[in-house]
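I have placed the structure first, in the form of structure tokens, so that the comments after it can refer back to it.
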Amino acid sequence: MTNALLSIAVLLFSMLSLAQAETHTFNWTTGWDYRNVDGLKSRPVITCNGQFPWPDITVNKGDRVQIYLTNGMNNTNTSMHFHGLFQNGTASMDGVPFLTQCPIAPGSTMLYNFTVDYNVGTYWYHSHTDGQYEDGMKGLFIIKDDSFPYDYDEELSLSLSEWYHDLVTDLTKSFMSVYNPTGAEPIPQNLIVNNTMNLTWEVQPDTTYLLRIVNVGGFVSQYFWIEDHEMTVVEIDGITTEKNVTDMLYITVAQRYTVLVHTKNDTDKNFAIMQKFDDTMLDVIPSDLQLNATSYMVYNKTAALPTQNYVDSIDNFLDDFYLQPYEKEAIYGEPDHVITVDVVMDNLKNGVNYAFFNNITYTAPKVPTLMTVLSSGDQANNSEIYGSNTHTFILEKDEIVEIVLNNQDTGTHPFHLHGHAFQTIQRDRTYDDALGEVPHSFDPDNHPAFPEYPMRRDTLYVRPQSNFVIRFKADNPGVWFFHCHIEWHLLQGLGLVLVEDPFGIQDAHSQQLSENHLEVCQSCSVATEGNAAANTLDLTDLTGENVQHAFIPTGFTKKGIIAMTFSCFAGILGIITIAIYGMMDMEDATEKVIRDLHVDPEVLLNEVDENEERQVNEDRHSTEKHQFLTKAKRFF
């Protein structure tokens with residue numbers, strides 16, 4: 001009887017929750033317009049219904065979201081990804097072209113339709129096409145829930161970013177070029193916050209603010225602090241944490257921090273809100289680049305605005321690895337599936353610099369990977385059908401997955417996993433090449449003890465020449481991207497694909513393609529069945545698939561050996577010739593030159609007469625040359 005009453009109570013609660021859930025419908029059309037975001041240069045930006053910036057979305061847990069996204073740009077495809085949302089049962093809504101959907105062609109409309117059942121906190125959305133979010137196609141996505149454990153009076157969101165004066169498409173042409181063989185990333189012109197510079201935040205005294213801080217940039221990590229104010233971290237990447245007080249945050253692109261800031265009682269003074277480039281990520285620092293950006297926390301509008309606030313060190317920022325989740329989840333046990341990848345940046349045979357996981361640079365297939373899953377039947381668990389250059393791994397249902405990432409590069413990289421918040425169980429220190437240190441890969445037999453209750457998040461950075469280890473449970477069937485969130489590196493191919501429980505995807509009604517999906521694919525002429533090469537007859541035949549450029553051959557090719565042989569032979573002959581002529585009497589040498597080269601003696605004599613005086617005047621120290629000319633005249 002008790003169990004029956006409990007079941008009825010749970011059912012009634014579920015029905016009540018459904019009744020309270022709302023549906024939020026948005027009709028958005030992309031376009032182009034000019035904006036002067038940083039006050040220095042007007043440039044094209046991607047607009048939403050003719051407006052800029054794009055709107056933030058705020059919903060409650062359990063709500064349904066419907067976004068009709070129409071591509072109003074006539075010169076490019078587009079898409080939309082909801083960063084950090086798990087998309088349980090709706091992997092086709094994850095918004096990654098050629099992974100979970102077809103690109104949205106000019107004039108086409110795609111419906112993103114999903115329920116936010118498993119996420120709360122701070123997220124964001126952005127285009128997942130050709131770096132478009134650096135041109136402004138992005139906004140925050142906030143999911144509220146009554147169960148949030150901390151009290152506050154008011155809240156504010158801050159979107160941090162770098163800003164370029166040029167379009168990403170123009171920057172990409174010079175970045176992905178033989179004239180940029182080292183892969184040096186384009187340098188931004190400024191740091192901005194909430195799509196402007198010198199933001200003013202008016203505050204009330206003795207008030208607790210919930211501050212949502214999101215780095216929506218595509219390249220540079222930022223240091224963030226507020227002059228003479230502490231920040232209490234209470235959430236990262238949608239995961240509520242135990243309180244942790246800090247003076248400074250280090251925020252990579254795509255990461256989110258939610259903090260509590262309590263204001264002072266005294267209103268006589270205003271304070272600086274500071275952003276600073278992580279300038280170690282810049283290959284060069286232009287002389288006119290301002291590494292700091294200052295906004296204003298204003299208590300008193302009649303008081304002077306603050307100047308820049310300088311700190312003694314930027315090394316004392318919060319290390320997110322040691323944060324404790326509010327709802328503790330014990331570390332997963334020994335993994336069932338270990339994926340080890342090495343990060344390398346290198347050039348291919350076309351002379352362009354690319355990024356690699358284990359010597360594979362991600363190259364999009366001809367059929368979106370999710371559609372290959374849905375159309376491949378009992379071969380869906382064969383990773384080969386997804387393409388040679390998609391770097392696809394098959395994950396079985398509910399297995400514990402460990403990703404070991406070894407960074408062979410000298411830069412910092414923030415990595416994002418779609419569809420999951422992972423446990424962060426290891427992150428090693430920086431190994432500085434300037435000090436002669438070499439890349440250090442994870443050693444499973446020699447590492448610090450793993451945390452009992454690891455921090456969870458969806459975006460984690462790896463330090464230079466270092467490593468990290470993450471774990472998650474494969475309990476969310478779908479096709480999920482794991483990639484560097486530096487947009488330049490994603491354009492270079494730094495990504496891999498996880499096909500999680502492929503047969504579970506096939507069996508779920510909610511995972512099937514909608515008519516709208518198929519219409520979008522038809523509009524851009526992308527196949528919706530078959531393997532990575534769009535072959536529907538033999539899924540193991542990848543003839544015609546998209547592949548990366550060839551590697552530069554190691555050592556010498558046959559042509560190189562032949563060229564080197566003839567070069568050496570020519571060089572040896574040259575040395576012998578110089579030696580022979582050098583040992584001969586000058587008069588005999590002159591005779592030999594005339595005889596061997598079939599020179600007309602009178603022509604040579606005329607040349608000697610005309611140039612003798614000029615040669616002597618230009619080089620009085622060339623005694624041997626003067627003697628040669630004199631002997632030549634005597635000879636004739």
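If you go along the chain as it appears here, the first residue is 1 and each next one adds 1.
Each residue, glycine too, has its Cβ placed from N, Cα and C.
If you look up Swiss-Prot, you'll see HIS413, CYS484, HIS489 marked as Cu cation 4 binding site, on the strength of experimental evidence. The Cβ of HIS413 (Cu cation 4 binding site) has 25 other Cβ atoms within 10 Å, all protein chains considered.
The DSSP breakdown of the domain 'Plastocyanin-like 1' (32-146), given as helix, strand and coil counts, is 7 helix, 49 strand, 59 coil. The domain 'Plastocyanin-like 1' annotation in Swiss-Prot covers 32-146, and the record cites sequence analysis as its basis.
Per Swiss-Prot, domain 'Plastocyanin-like 3' is recorded for 362-502, and the stated evidence type is sequence analysis. On the 0 to 100 pLDDT scale, the domain 'Plastocyanin-like 3' (362-502) averages 98 in the predicted structure.
The N-linked glycosylation site annotation in Swiss-Prot covers ASN27 (among others). In the three-state DSSP reading, ASN27 (N-linked glycosylation site) counts as strand. In the structure as shown, the Cβ atom of ASN27 (N-linked glycosylation site) sits within 10 Å of 11 other Cβ atoms.
As annotated by Swiss-Prot, N-linked glycosylation site applies to ASN74 (among others). For ASN74 (N-linked glycosylation site), the same-chain residues 6+ apart in sequence whose C-beta sits under 8 angstroms from its C-beta are PRO106, GLY107.
Positions annotated as N-linked glycosylation site by Swiss-Prot, on the basis of experimental evidence: ASN77 (among others).
The Cβ neighbour count for ASN113 (N-linked glycosylation site), using a 10 Å radius and every protein chain shown, is 17. Look at Swiss-Prot and you will find ASN113 (among others) tagged as N-linked glycosylation site, backed by experimental evidence.
In sequence order, PRO53, SER157, LEU158, SER159 constitute the residues six or more apart from ASN194 (N-linked glycosylation site) in its chain with CB-CB distances below 8 Å. Secondary structure at ASN194 (N-linked glycosylation site), taken from DSSP and collapsed to helix, strand or coil, is coil. If you look up Swiss-Prot, you'll see ASN194 (among others) marked as N-linked glycosylation site, on the strength of experimental evidence.
The annotation N-linked glycosylation site is assigned in Swiss-Prot to ASN198 (among others).
Sequence annotations record features per position, and here Swiss-Prot assigns N-linked glycosylation site to ASN244 (among others). For ASN244 (N-linked glycosylation site), the same-chain residues that are 6 or more apart in sequence and have a Cβ closer than 8 Å to its Cβ are THR232, VAL233, LEU318, LEU323, GLN324.
Annotation for ASN265 (N-linked glycosylation site): same-chain Cβ neighbours under 8 Å, separated by at least 6 residues, are PRO205, ASP206. Secondary structure at ASN265 (N-linked glycosylation site), as computed by DSSP, is coil. Annotated N-linked glycosylation site per Swiss-Prot: ASN265 (among others), in sequence order.
Listed in sequence order, LEU191, MET274, GLN275, LYS276, PHE277, GLN308 are the same-chain residues six or more apart from ASN292 (N-linked glycosylation site) with CB atoms under 8 A from its CB. Annotation comment: Swiss-Prot describes ASN292 (among others) as N-linked glycosylation site.
DSSP assigns ASN300 (N-linked glycosylation site) to coil, not to a helix or a strand. Annotation source Swiss-Prot lists N-linked glycosylation site at ASN300 (among others).
Among the features that Swiss-Prot reports, N-linked glycosylation site is placed at ASN359 (among others). Taking the Cβ of ASN359 (N-linked glycosylation site) as reference, residues of its chain lying under 8 Å away and at least six apart in sequence are, in sequence order, VAL344, PHE551.
The N-linked glycosylation site annotation in Swiss-Prot covers ASN381 (among others). Classification of ASN381 (N-linked glycosylation site) by DSSP places it in coil, neither helical nor stranded. Its Cβ taken as reference, ASN381 (N-linked glycosylation site) is surrounded by 15 other Cβ atoms within 10 Å in the chains shown.
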Cα-Cα separation of ASN27 (N-linked glycosylation site) and ASN113 (N-linked glycosylation site), in Å?
12
Calculate the distance in Å between the alpha carbons (Cα) of HIS413 (Cu cation 4 binding site) and ASN300 (N-linked glycosylation site), and round it to a whole number.
40
Does anything in the same chain, at least 6 positions from CYS484 (Cu cation 4 binding site), have a Cβ under 8 Å from its Cβ, and if so what?
VAL343, ALA355, HIS413, PRO414, PHE415, HIS416, LEU490, LEU494, GLY495
Rounded to the nearest Å - Cα separation of ASN113 (N-linked glycosylation site) and ASN198 (N-linked glycosylation site):
37
Of the recorded positions ASN77, ASN198, ASN381, HIS489, which one has its Cα closest to the Cα of ASN300 (N-linked glycosylation site)?
ASN198
With the cut-off set at 10 Å between Cβ atoms, which of these glycosylation sites ends up with the most neighbours? Options: ASN77, ASN198, ASN300.
ASN77
